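Heads up: the structure comes next, in structure tokens.
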Amino acid sequence: KNRKKMGKGKSHDPKDGKRKEKAKMRLKRNIGYVDGVSFIIGSIVGAGIFVSPTGVLKHSLLNVGVALTIWTASGLVSLMGSLCYAELGTALPFSGGEYSHIKRGLGSLPAFVFIWTSTFTKPASNAARALLFAEYATQPFYGICPAPEVLKKCLALAVLWSLGILNGCSVKMAAWVQTVFTLLKMMTLSVIAIGGIVLVGGRKESLARFEDAFSSEIPNASQIAEAFFQGLYAYGGWWSLNYMAEEMKNPSRNIPLTVMTAVPAVIVFYLLVNISYLTVLTPKEIVSSVAVAVTWADRVIPSVAWIIPLSVAVSIFGALNSSMFTLGRLSYAGSQSGHLPVLISMLNVHSCTPAPAMIFSTTIASIFIIPSDLITLTNYFGFSAWLMIGLTCASLIVLRYREPHLHRPYKVFLPVPFVMVAMSSFLVLAPIVWSPNLQYVYAFLFMLGSLIVYLPFIHFKLHFPFLDKITCHLQLLLEVSPADESTESKCE
């Protein structure tokens with residue numbers, strides 16, 4: 001009312017409208033090509049390639065040729081999936097990744113099941129990463145003795161909240177941290193890769209290992225499938241860029257370019273690092289090693305072998321930062337669609353970051369750290385990740401036929417999403433068929449439990465007025481405002 005009174009008698013200035021348009025609350029496009037590459041590589045490369053790349057080799061029956069082939073094939077499947085996501089990200093550049101695409105392609109209910117499951121599994125995954133970081137960061141101070149559990153949990157909580165606050169305060173700072181830590185981990189992988197290439201020329205026994213790569217026993221179909229599972233798990237995280245599509249600079253160009261740079265780079269590094277391990281260690285030594293990179297360092301660079309545990313901690317920290325960034329965007333997108341409380345969709349009036357979404361996701365991850373046994377439950381939700389990938393690729397196919405005139409700056413070859421849907425179906429059903437377990441039933445029941453919440457609160461829009469008062473007070477406390485609301489804040 002006061003603004004209207006003050007505006008009486010004044011002529012309308014077109015520049016005022018432009019200023020108001022610029023002042024609208026929205027996520028800023030701060031993420032460029034280099035940041036995008038850092039986020040994808042940082043999400044994929046965690047502790048696995050340093051600690052235990054043994055699963056592929058073990059299920060390949062120590063056959064070097066088969067193991068390297070599976071590493072390559074797993075990378076190519078990940079690349080196909082990321083190209084499908086690139087089309088969706090350029091056509092629908094919104095926050096939320098798979099959630100936004102499933103909602104557009106398949107409807108509200110499948111999208112709600114996705115966010116319901118992700119609200120449980122993704123924070124638990126972050127909690128596991130934080131605890132693993134604490135394990136590697138504290139162990140050097142205790143030698144052969146185990147570090148106290150209380151210390152590890154306190155450090156894990158401190159790391160979670162430090163990154164949660166960082167991501168809630170500044171996108172640019174979070175992107176800068178991601179770039180720095182990605183460079184550090186890639187430097188370490190380069191040291192391992194180059195070390196192996198240099199040594200392979202001077203070791204006849206190592207060279208013979210690759211010349212007779214397929215001479216060992218060939219695994220059967222089920223063993224190859226198990227090895228394939230392990231390889232795909234190591235590439236997990238290639239889907240992370242779509243969660244920040246709304247914040248990408250020039251998404252039509254940068255999303256496909258970023259994907260085509262980052263994923264092939266990871267494939268090359270993974271192959272070189274595995275070749276380096278096989279150059280220095282025998283297949284039996286790799287399978288029996290608790291931390292392959294540490295064993296490799298003890299053989300090759302014993303005087304500075306401590307750098308590998310430090311590098312593992314650095315790698316986990318970078319992966320955790322990327323995962324927390326994307327999880328905050330998922331919560332933000334879910335709230336914008338009315339699938340989570342409205343407060344979570346609000347942005348900080350000073351930094352235009354989804355601060356409430358970051359607080360929400362970090363709080364849930366913290367709950368998992370306290371009774372860390374809960375994290376083991378999420379192992380049985382592994383199939384759900386590929387279920388959602390399959391639904392996302394199915395959404396791409398549906399949108400191709402239902403919305404043929406949708407502007408698509410990048411289009412993937414149409415058979416690729418069909419292959420990804422078939423692959424996802426296999427990866428969902430295979431572990432349940434091969435090793436049936438009661439926990440899988442619990443996981444399915446949990447996913448179906450989303451209907452108990454969806455029907456009254458989403459479909460029938462049941463609402464409690466007292467929640468509005470709570471939202472109002474929290475909005476004032478956190479200094480947040482709904483997205484797209486015209487305000488005088490300096491967001492742009």
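Note: Cβ is positioned from N, Cα and C throughout, glycine not excepted.
Residues or ranges marked as region 'Disordered' in TrEMBL: 1-22.
As annotated by TrEMBL, compositional bias 'Basic and acidic residues' applies to 10-19.
The transmembrane segment annotation in TrEMBL covers 31-52 (among others).
Among the features that TrEMBL reports, transmembrane segment is placed at 64-86 (among others).
The transmembrane segment annotation in TrEMBL covers 154-177 (among others).
Feature annotation from TrEMBL assigns transmembrane segment to 183-201 (among others).
The feature transmembrane segment is assigned by TrEMBL to 257-280 (among others).
Residues or ranges marked as transmembrane segment in TrEMBL: 300-320 (among others).
Sequence-distant contacts of the transmembrane segment (340-369), counting only residues of its own chain at least 6 positions beyond either end whose CB sits under 8 Å from a CB of the stretch, comprise 25-28, 115, 119, 122-124, 126-128, 130-131, 153, 156-157, 160-161, 163-165, 167-171, 324, 327-332, 334, 375, 467, 471, 474-475, 478-483, 487, 489-491. According to TrEMBL, the feature transmembrane segment maps to 340-369 (among others).
The transmembrane segment annotation in TrEMBL covers 381-401 (among others).
Here the transmembrane segment (413-434) has long-range neighbours at 77, 80-81, 83-84, 222, 225, 229, 232, 382-383, 386-387, 389-390, 393-394, 396-397, 400, 440, meaning same-chain residues at least 6 beyond its ends whose C-beta is under 8 angstroms from one of its own. Taken from TrEMBL, the feature transmembrane segment applies to 413-434 (among others).
Within its own chain, the transmembrane segment (440-460) is flanked in space by residues 108-109, 112-113, 116-117, 120, 338-339, 380-381, 383-384, 431-432, which lie at least six positions past its ends and keep a Cβ under 8 Å from the stretch. The annotation transmembrane segment is assigned in TrEMBL to 440-460 (among others).
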For the transmembrane segment (257-280), sequence-distant contacts whose Cβ falls under 8 Å of one of its Cβ atoms, 6 or more beyond its ends: 33, 36-37, 40-41, 44-45, 49, 53, 64, 67-68, 71-72, 75-76, 78-79, 82-83, 85-86, 186, 189-190, 192-193, 195-197, 199-200, 203, 206, 209-210, 234-235, 238, 241, 286, 292-293, 296, 299-300
I'm a bit unsure how to read this: which one of 64-86, 183-201, 300-320, 381-401 has the highest number of Cβ pairs shorter than 8 Å with the transmembrane segment (154-177)? 300-320
If we skip the immediate neighbours and take only residues 6+ beyond the ends of the transmembrane segment (300-320), which ones have a Cβ under 8 Å from one of its Cβ atoms? 42-43, 45-47, 50-51, 126, 129-130, 132-133, 136-137, 139-140, 159-160, 163, 177-178, 181-182, 184-185, 188, 195, 199, 237, 280, 291, 293-294
Residues of the same chain, at least six outside the transmembrane segment (381-401), with any C-beta under 8 angstroms of its C-beta? 81, 84-85, 87-88, 91, 98, 101-102, 104-106, 110, 114, 117-118, 120-121, 233, 236, 239, 412, 414, 417-418, 420-421, 423-425, 427-428, 431-432, 440, 443, 447
